[in-house]
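In what follows, a structure is listed as structure tokens, so that the remarks can point back to it.
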Amino acid sequence: MESESRPIGFFDSGIGGISVLREAVKILPNEDFVYFGDSKMAPYGVRTVENVKKLTLDAVEFLLKKDIKALVIACNTATSAAIIDLREKYSKYMPVIGIEPALKPAMEFGRKGKVVIMATPMTLAEKKFANLMKKFDRNSKIEPLPCPGLVELIEQGIISGEKIEQYLKIRLNPFKESGIAAVVLGCTHYPFIKESISKVLDDDTPIIDGSRGTVQQLKRQLVKYDIQASNRDKLGNIRIFNSMNSQDIIKLSYELLRGEIN
Ligand code: DGL
């Protein structure tokens, strides 16, 4: 098989990475994709770093067996725990792309108030995030907001309605008084609840996620490694796998990919 016709592997702790895959399908329509979600073991964000590293490396083994030509860790939590090890192991053979909270564009808005970073407890506790803070938090504008329990709701397909809004109100309302400059979605599950976040903020506060930046980086790497899809006339195909032995989670994944539920 020619290298160019092999699929691109996507990984997340569950269905969250579908938000990044959705962007990838738009920007790279001729590529084939294979997605693996580890919903059985989700959430990752409350586990130990060592445990997340092991789960991620095992999941990548699964994707390698599908003969992937590039690897996207479409999970902020797994990226912070395992990206260094993954690059060490695999970047000789293929591009290895991770995702991190999009602080830079959020700071560039230059709006008054705090930049609130919603993410899992692990992402916010890890060194990778501390380094990002050091780089961008010049005048203590950044407010990390851990959101335990939110991934679990989204994994059940709860992406709108009273339960989610109540959760968001409790966490976001305290920042409203001093003003919110922007909200950064530092977990790939959260773009699916963007409308609920907007509703709770009740104004035009920018809500930013890192999926476009990640896919642009993937595109640059495909060019660099010279492994772009060779057939530009046909749309690529997408295969979704999940560690949970359930057709419901696969169905939910395709529905989220196609934007069929809200
Ligand atoms: N989508 C994952 C992320 O971006 C969620 C992690 C989890 O399972 O807690 O961090």
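Note: Cβ is positioned from N, Cα and C throughout, glycine not excepted.
TrEMBL does not curate its annotations; it predicts them automatically.
According to TrEMBL, the features are:
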- C75: active site, proton donor/acceptor (ACT_SITE)
- C187: active site, proton donor/acceptor (ACT_SITE)
- D12, S13, Y44, G45, N76, T77, T188, H189: substrate binding site (BINDING)
Euclidean distance between Cα atoms of N76 (substrate binding site) and C187 (active site, proton donor/acceptor), Å: 6
Neighbour tally for D12 (substrate binding site), based on other Cβ positions within 10 Å of its Cβ: 32
In the chain carrying N76 (substrate binding site), residues 6 or more apart in sequence that have Cβ under 8 angstroms from it: I99, E100, P101, A119, T120, T123, G186, C187, T188, G210
Other residues, Cβ within 8 Å of D12, S13, Y44, G45, N76, T77, T188, H189 Cβ centroid (substrate site): G14, G16, G17, A42, P43, C75, A78, T120, T123, V151, C187
Whole-number Å value of the largest CA-CA distance among D12, S13, Y44, G45, N76, T77, T188, H189, listed as substrate-binding: 12
Residues that sit under 8 angstroms from G45 (substrate binding site) by C-beta distance, when 6+ apart in the chain: S13, T77, A119, T120, P121, M122, T123, P148, V151, C187
Per DSSP, three-state class assigned to D12 (substrate binding site): strand
DSSP three-state assignment (helix, strand or coil) for T188 (substrate binding site): coil
Nearest of the binding-site residues (D12, Y44, H189) to C75 (active site, proton donor/acceptor), judged by Cα-Cα distance: D12
Cβ neighbours of H189 (substrate binding site) where a neighbour is any other Cβ within 10 Å: 31
Proximal but sequence-remote residues of the same chain as Y44 (substrate binding site) (Cβ under 8 Å, at least 6 apart): S13, D38, V52, L55, C75, T77, A78, A81, T120, M122
